[in-house]
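Listed in TrEMBL for this protein:
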REGION    1-27  region 'Disordered'
TRANSMEM  76-96  transmembrane segment
TRANSMEM  108-131  transmembrane segment
TRANSMEM  146-169  transmembrane segment
TRANSMEM  176-193  transmembrane segment
TRANSMEM  199-216  transmembrane segment
TRANSMEM  228-249  transmembrane segment
TRANSMEM  255-276  transmembrane segment
Amino acid sequence: KRVLVGRNTTSASDPSPSPLLPSLSLSPSPSPLLPSLSLSPLLQTDAMDSVDTAFTSLLAPKDVPLTYLTAITQPLYPLTITCSTIVLITYFFLAIRHPIIQTDKQRSWLLTLFTSFFMSLGGLCVLYKFWYAGWEISAWTDEGPLWLGLTAFFQTFLVLDLAIGWVYYRKRIDPLSGWTHHIIYFFTLWWVISQRMSQLFILMCLLEAPTFALALGSINAKWRKDMVFAALYVPTRLVFHGFMLYILYNYHSNPASVYVLGMFYPMHVYWFYGFVKQQRRLAHRRLSPPLLITPPTLPLSPTDAEFPTTPTSPTAYTAADLHQRSWSRSALAPLLSPDESPRKKLVDATARRVISRMPERFRSERIDRWIDRMAGVGGMPVTAY
């Protein structure tokens, strides 16, 4: 049986080495690093086969093309949505009762923490299959009930994060990384299900590992480890993401997957650039010595001149003590204002320019406030996923 892999067509039993990784074979033989292990007992036991068969009956037949409507009318989809809603809502209302959860910021990361943990585990499972099959893409091209269920579970999270957030942490939902991100993500996953590429999406959920570390640090400052976040971000969202773009471009039969996956890669690079700038700024603050300023000497009166007094030591003021008094009068304040960020410049050059040219009858204060929030001016935005 031959497997269609886009620009190259190879046989599943072809012993020739992969042009991508010359030292590895595309055949699904066991890994040479695990000669005593077999793929069958690890991934396909009798119990798992019976469960998989039972849930496979809840999917549409593989020979029937899916549309956007038939993709979500498969019996497994509404069942998973219902169960996921119950689980996520129950978890949230139990978690917010914990004494450590006190602020809107902590509440806004609870659902993200729970979801990113399980999605990362699902990604590790598919990555193991991918590696064990000799990096053969047929290991993750088959649609299965588990992968469809996890995809529907993530869709449920996207909806509930906005719905619950509207009530419990509305100010923490950023227009760009919250509303826009979640809505686009939801409809992208709808397209993924209609293309039977749920397992590919779960494989890419390895990118949720740094999100899990970020959520931990946002819930409890003691758990924040910036280097752990960077150690997860670089291998997943930069290296692995680029590796999968190469695989899909050269060996996958659906070119649209390359466009969808490539659309998010520049955003990941931009986020990491912002993280590096933040770390450099924090390191500069730690290394900079405190600023010592001696108060000016006042002219002495004739009486004081007869009995001059010399202070034993100058009074030291740190930069933080003088910040509030001198910063607002400094000539550098407009130049070094945090409003002049790349994000604000982008909004000023796009959305604000379009709004400024619209007729007055189409403008409103609500739209202006929404644009200010998108630019990061109206409040503290939620960190992007």
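Each Cβ is built from the backbone N, Cα and C atoms, and glycine gets one as well.
No curator has checked TrEMBL annotations; they are predicted automatically.
The stretches the transmembrane segment (199-216) and the transmembrane segment (146-169) meet in space: the count of Cβ pairs below 8 angstroms, excluding pairs fewer than 6 apart in sequence, reaches at least three. If you count C-beta pairs under 8 angstroms between the transmembrane segment (108-131) and each of 76-96, 146-169, 176-193, 255-276, the highest count goes to 146-169. Sequence-distant contacts of the transmembrane segment (176-193) (same chain, at least 6 residues past either end, Cβ-Cβ under 8 Å): 66, 68, 71-72, 77, 148, 151-152, 154-155, 158-159, 161-162, 165, 200-201, 260, 343, 374, 381-385.
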